[in-house]
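Taken verbatim from TrEMBL:
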| type | residues | note |
| --- | --- | --- |
| COMPBIAS | 1-13 | compositional bias 'Polar residues' |
| DOMAIN | 47-449 | domain 'Major facilitator superfamily (MFS) profile' |
| REGION | 1-22 | region 'Disordered' |
| TRANSMEM | 45-61 | transmembrane segment |
| TRANSMEM | 81-100 | transmembrane segment |
| TRANSMEM | 112-131 | transmembrane segment |
| TRANSMEM | 137-155 | transmembrane segment |
| TRANSMEM | 167-185 | transmembrane segment |
| TRANSMEM | 205-227 | transmembrane segment |
| TRANSMEM | 261-283 | transmembrane segment |
| TRANSMEM | 303-324 | transmembrane segment |
| TRANSMEM | 331-350 | transmembrane segment |
| TRANSMEM | 356-381 | transmembrane segment |
| TRANSMEM | 484-503 | transmembrane segment |
C-alpha cells in the first residue's frame, strides 16, 4: 500500500478569505493518512513472526553481558571503569544513531535497513567473540560498538514494520507483544550466561552463543526480505526514495527534511518526556541494592526479589496493548502509572514492608510505563512515511535521558550519607519527576481533546472512522509541523545527546572520588608537591592527606613561603605530625640554582625515613603571559619556558635516585597534555632569538615539550609512571593573571562580561580538579601516560611526524641543549 508523500506548505488563508472570515493560522498541513487496509493474516501473521525475531541477537548480546562482569574483569585483567566502557560502548552510540537510522529507514525502506543492520550486529558479535577468545580488550570494545550501531536500526525497523502491518487494527497489542518478547529474551540471556560458561568451561562460549543468536536473526531478516519482495504490490511498503522518483518531493534524496515535517504535537509530548523514562530505568537498575540497604538482606536475595519485576509485564503488556486497540484511553494510563510509581518509591525506600509488595506493584506499573507512548506515536505522526524518523527522535530522547538519569542518580547518592537512608535523595528526585508525570498525563489528555481530535482516547475502530471522515478536528495547528516546536525539539535533542556523551566519556566526579577514597596504602607514601603552595597542588596535598587519614609524608615546595607554611599548618591541624614528614621547602621554579637547592633539601629531609624514597612527585607551578615582550630570568632563560617546562624536567632528573627506590613511583606534570602545536620552524626551541620574547609561544610550546620530555624520561626509566595531564580551566591565580593581561587590551576589555561568564560556566574549583589529578596519579601505568581533564588516557603523541625536528626532540637534546646543560650543573 502506498504511503503519502511528505507535506508541502499549504495555507488556509485563501479559503478563509473567501468565506469572509478572519484568516486562519498559516501553517503547513499534515497530509491525511493513506487509506487503511486490514491485511490478511496469511500475510501479516508470518510477517509478525519474522519481525519479532529481528532483534533476538542484539537483545541477547546486550543482556548476556551483565552476568559476566566479574569473569570479564578477571580474564581480560580490566578494572571496573574499563568494564563500564564495554557496557557503554554498545549503549552510547544509541543516543546518536537512532535519528539517522530513522530517516534512513523512511528513505530506503525498513526491509533493507533491517537486513543491513543485522549484518552489522552479526559482525559486531563475531568481533566481540574473537576479542574474548584472544583476550583482547580493544577488539571486544570494537565489536560492541559495531553491534550497537546495528542494533538500534533493527529496533527502528521493527517499529516501522509493526505500524505498516497493523496500523488501524492491533498496533497497540503488537507493540505490547514486542515488549513482552524482549523481556523474555533478556531473562533467558541473563539466566543462561553463567550456566553456559560453567558447562563449557570457558566464558568465551557465552559470546559464541550470542553469535549464534545474531546469526539466527540475520537468517530471519533475510527470509523476511525475500518474503516482502514477493508480496503483492498493494501490500508492499513504499519507500521515500520510491515516492521521490519523478517528483519535486523533498524525498528525492536523503535529507533533513523529514525532521521538519514532524508534527508539533509529537515534539511537545517527546520533549516533556525528558528523563521520565530514564527515572524508571535507573530505579530498575538500583532496585536490588535498595532492597539490600533498606532491608538488610544479601545482595543475591535482593537480586532475586527485584527480578520478579520483569515477570508480570510479559503477560500484562500485550493485554494492555489490546485494551488500547479496543477501548483507547491511552493517556489515562500515564497519570495512573506515575501515581503507582510514587507509591512504590515510598514503600520500597521509606517503609519496612516486605520488598515483594513494592516490587510486584512496580511490575504492574512497568507494564504501562512505555506502551502508551509507543502506541500513540503512529497516531501523532499520521504520515506513515515519517514513522521511522519519529521513532528515531523518540529513542534518541529516551536513550540520552537514560544515560543522564543513571549518572545523576549515582551523583546524588554520593552526596547523601551512607547507611539506611543513602537512597533518600535519589527517591526524592524520582518522586518529584513522577509527580510531574501525574500532571503531564492529565495535560496530554486535555491536549488530545483540544488539538488532536480525541484520537488518543479512541479505540482503533473509532479513530479510523474519524480519519476517514476527514474531520476538521484532525487539522488543528499542533497536528502540523511548526518551526517553534521543531527547532526547540532539535536543540534540546542535541543538548541531551552531548550531555549523555560527556557524562559517559568523562568519569563522573562521584566515581572519581570513590576511587580516590579507596586508596588505603599499607605503608605511608611519600609525596612531593612542587608548586603546592596553592591551587591544584595544595588541594591535592590536602585531599591525599584526607584519603590516607594522615598516613602520608608530604613536602610542599614553592616560592610563596606564607602560603606554603599555611598549607603545612592545615595538614598538621587535621593530622598531627607524629613521625610523619610535613615540611615546606623554598623553591623558585624560575631559577635553576633554586631548583638545584630545593632538590638537595628534599633529599636531605627524606633521609630521615627508614626507607628514603619518593612515591609521588607532582608539578603544578605555572606562569603564563599573553604579553609579547622579552621576559627572561636572571639566568637568561625564558621565564615561561623555565616555569612551564625546564624546572620540571630538571627536578625530576635530580630526584630520580629517590624515585627509583619506590615500589611504584608516579610523576605528574600538570600543564596541557593533548596539545598539537607545531615546533618552531627556525629551530629556536628555547626562544633565544626572539627579540620580543616568546609571547604566546611560551604558553603553547611547553605543553609539547612536556609530552616529549617526559616520554623520553619514561623510556629511560621504564619502572616509573610519568603522566602529563591537562587540568582544564581551573579558577587559580594564574587564570586571574591571564585575564588581567587580556583586560589590558582595550578590544578585550569590552568583552569583560563575556569573559567573566566564561570563567563562571566553564571553569572549576581547584578542589574539583585535584580529585581528577589524584585519580590519574593513582591510575597511571608504568611508562608514559597522557590524560585529559577528565583523567582519561588520550594515548601517546606521534611526534615522529615532525620529521628531522621530531628526531631532535625525541633525543631530547634538540630542545635547546645549552639550557639543559645549564640546568643540570
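Residue positions begin at 1 at the first shown residue.
Cβ from N, Cα, C; glycine included.
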Model confidence over the domain 'Major facilitator superfamily (MFS) profile' (47-449) (mean pLDDT, whole number): 88
Of 45-61, 137-155, 303-324, whichever stretch has the most CB pairs under 8 A to the transmembrane segment (167-185): 303-324
Range from 112-131, 137-155, 331-350, 356-381, 484-503 with the greatest count of C-beta pairs under 8 A to the transmembrane segment (303-324): 356-381
For the transmembrane segment (112-131), sequence-distant contacts whose Cβ falls under 8 Å of one of its Cβ atoms, 6 or more beyond its ends: 54, 57-58, 61, 101, 104-105, 137-151, 153-154, 156-158, 161, 204, 207-208, 210-211, 213-215, 217-218, 221-222, 224-225, 388
